[in-house]
Amino acid sequence: MSNNARKIAYDIIYDVKYNKAYSNISINKAFNKNTIDNREKGFVTELVYGTLSRLIYLDYQIEQFLDMRASKLSKQAKTVLEMGFYQLEFMDSVSDFASVDESVKLIKKVDNRSAGIINAVMRKRVKEGKAEYTDKISDKAKSLSIEFSISEYIARRFLKIYKEEFTRQLLSSMLEKPSLFIRLNKLRSTEAELFENLEQQDIYSKKNDIIDSAYEISGMKNIGSNPLFVKGGFVIQDLSSMLAVKALNPLPGDTVLDICSAPGGKSFYIADLMENKGQLDSMDISEHKIQMLKKRAVELGIDIINTRVMDATVFNEEMTNRYDKILVDAPCSGFGIIRRKPEIRYKSYEDVNQLPEIQYQILSNASKYLKDTGSLVYSTCTLEKKENIEIVDKFLENNKEFYLEEEPKELYPHIHNTDGFFIAKFKKDINKSV
Ligand SMILES: C[S@@+](CC[C@H](N)C(=O)[O-])C[C@H]1O[C@@H](n2cnc3c(N)ncnc32)[C@H](O)[C@@H]1O
């Protein structure tokens, strides 16, 4: 693989680590800017996600081979070493020689003064083999943090919420590649057309048992140029996201509010289940993301969506008692989608501690927009109880006219083959409160 591909990967990793960029957005930008073939794209994607997903573990390994304090390394040198160590341990397609040689070439482009140290550390690692990680640190959270490359804060929270064995299984599954699900958009295509498209491209698909328009697929390359995808015949959507919509049970003719809707995955499925009949108000605080939603809705052939940029924490009197069904897919810490967004692995208490208040405020406002016999779904893509069941309990405590229609669902990657997710379905019954 060329040094150009490694330089592209380096720029993305550096941007995510030091400029707070988002990995998925940075990768897309880099692929649009540079002309690289599909094989190189695959290599860059693996190197970026792999390295970013294992930073704490890789830094631990690097330290075992360094003759100086890691804090003395330049940011560039540290990043090149992390990429180099990742290739040595986790990329079978790259020889040890290439890992060392290409790392030295790369550092010469970005910080020539560190070339000697990179060369020495990489060679020492090749000669001696990886340092065995033994569970020698007595603090369990610290130890899990290194082993599974997750912030100590998240490790500590998971250990508080789950048993140790469950936490290990969960963290281990969060280092694996997520399954890919697509959903047929019946407004633009049919199952027969979808199957023909998948067959032509040698893509294996398995129909899902619960969501009849969902298929788990493997072997999809370069989805952006798939003609059926481009014309809106199918979308990529995790099963967990579809299950949240299914819980809401939108029907043709309903008046529905999706209050944190952008970039639109759930709104599009709501519209599909409504057979594009009725009214769907899709709101979000982000103007940019609402624009993305609008554009994709047109491609998908949906015309029942009214978009609005709105801060859902601010109560809007005009919307009182207006909707049959409301989805609150709240902004959250995202601990359930760590496999897709590796930067979430390193979140700290300060990054997430404000969220429960915002979530509760949004849920509380949304509940007032519901008609007297309406249904409301609260969902998040996190596994943090403070953002899930504790919000639900507080809401029920303060809103006696609401009850849970079914037990809230928690979904886990290693059990359900989905993102980590939480879904609670409430029913409003004003007679209950009197
Ligand atoms: C989990 S995402 C929603 C994903 C979306 N439902 C989908 O399926 O594509 C949460 C969304 O909440 C939005 N958000 C954050 N704070 C908000 C607020 N105060 N009011 C409204 N939307 C907000 C974010 O912009 C983000 O798009």
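Each residue, glycine too, has its Cβ placed from N, Cα and C.
Among the features that TrEMBL reports, active site, nucleophile is placed at C381. Taking the Cβ of C381 (active site, nucleophile) as centre and 10 Å as the limit, one finds 28 other Cβ atoms among all the protein chains shown.
Taken from TrEMBL, the feature S-adenosyl-L-methionine binding site applies to C260, S261, A262, P263, G264, G265, K266, D284, D311, D329. Within the same chain, residues at least six positions away from G264 (S-adenosyl-L-methionine binding site) with a Cβ under 8 Å of its Cβ are S282, M292, L293, R296, A297. In the three-state DSSP classification, G264 (S-adenosyl-L-methionine binding site) falls within coil.
Feature annotation from TrEMBL assigns domain 'SAM-dependent MTase RsmB/NOP-type' to 170-429. On the 0 to 100 pLDDT scale, the domain 'SAM-dependent MTase RsmB/NOP-type' (170-429) averages 96 in this prediction.
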Would you measure the largest Cα separation among C260, S261, A262, P263, G264, G265, K266, D284, D311, D329 for the S-adenosyl-L-methionine site and round it to whole Å?
19
For A262 (S-adenosyl-L-methionine binding site), what is the tally of other C-beta atoms lying within 10 angstroms of its C-beta?
23
Pairwise CA distance, A262 (S-adenosyl-L-methionine binding site) versus C381 (active site, nucleophile), rounded so that it is a whole Å:
14
What's the number of neighbouring CB atoms sitting within 10 A of the CB on C260 (S-adenosyl-L-methionine binding site)?
24
